[in-house]
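Record features (Swiss-Prot):
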type     : residues : note
ACT_SITE : ASP66    : active site, nucleophile
BINDING  : TYR130   : substrate binding site
Amino acid sequence: MGSCGAVGSVRARYLVFLQYLGTDFNGVAAVRGNPRAVGVLNFLEEAAKRLNSVDPVRFTISSRTDAGVHALSNAAHLDIQRRPGQSPFSPEVVAKALNTHLKHPAIRVLKAFRVPNDFHARHAATSRTYQYRLATGCSWPNQLPVFEQNVCWALQTEYLDMAAMQEAAQHLLGTHDFSAFQSAGSPVTNTVRTLRRVSVSPGPASPFVLPEGSRRLQFWTLEFESQSFLYRQVRRMTAVLVAVGLGILAPTQVKVILESQDPLGKYQARVAPARGLFLKSVLYDNFGPTS
């Protein structure tokens with residue numbers, strides 16, 4: 001698994017699984033040249049300096065998440081090149097060192113694995129699953145309990161038609177050109193994706209929300225699984241499904257929107273807020289945070 005850079009030194013590649021609360025970050029990617037913005041990887045790269053790699057450690061992320069988006073489990077690979085005569089770190093040492101030296105409490109490394117030097121965290125992923133959390137029953141935004149702030153989209157409505165949303169979601173299943181749900185700014189030219197699973201179901205409130213505080217509220221979870229997604233595809237699909245739940249769109253109109261391949265249409269151009277979105281998991285054939 002090792003290869004030589006400096007004479008006699010060995011480069012080792014690791015896959016790390018990490019989670020973060022995205023509220024304080026300008027996305028997961030490292031931000032360069034802007035002292036007022038910071039990404040999750042800025043903190044990880046700073047922590048990795050303590051590993052004393054011959055070459056600076058850079059993380060290659062599996063799934064880029066936007067500002068305010070959270071991750072229950074994202075993944076990245078990194079290379080550590082030790083000095084001649086030094087053995088590669090064990091994965092356990094890498095995970096512990098990163099967590100020890102992380103300077104932000106909203107980031108945590110879950111697990112690390114030693115992987116081949118040609119392993120790529122983005123290209124090797126076989127599945128990605130996102131969750132989107134909704135709350136209904138809020139008469140005004142600050143009615144949401146403190147422990148649900150910034151982790152769901154609070155809709156100022158008492159009712160969502162879940163049956164209609166579930167019907168509409170079925171039109172998104174399978175292999176399609178999802179360009180109608182891609183936001184501008186992506187370099188991707190192939191907009192065909194396969195949505196393997198989509199579900200709309202009641203979801204739990206935070207366990208820290210008191211019963212009397214959540215009695216008037218109902219929480220819902222939308223879940224999407226694919227090998228990969230287009231830029232903001234999940235948030236735009238969520239916004240359209242919410243429009244169906246509110247009665248603004250009929251379920252069959254989702255099929256029309258999908259087939260239009262028009263990202264600038266009145267309804268599909270809307271993007272659900274970042275705060276309700278969680279990257280739930282990134283899967284690989286041989287590695288996982290619970291392996």
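Backbone N, Cα and C define each Cβ position, glycine as well.
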For the recorded positions ASP66, TYR130, the one whose C-beta sees the most other C-beta atoms within 10 angstroms: TYR130
Inter-residue Cα distance where the pair is the residue listed as 'substrate binding site' and the residue listed as 'active site, nucleophile', in Å: 13
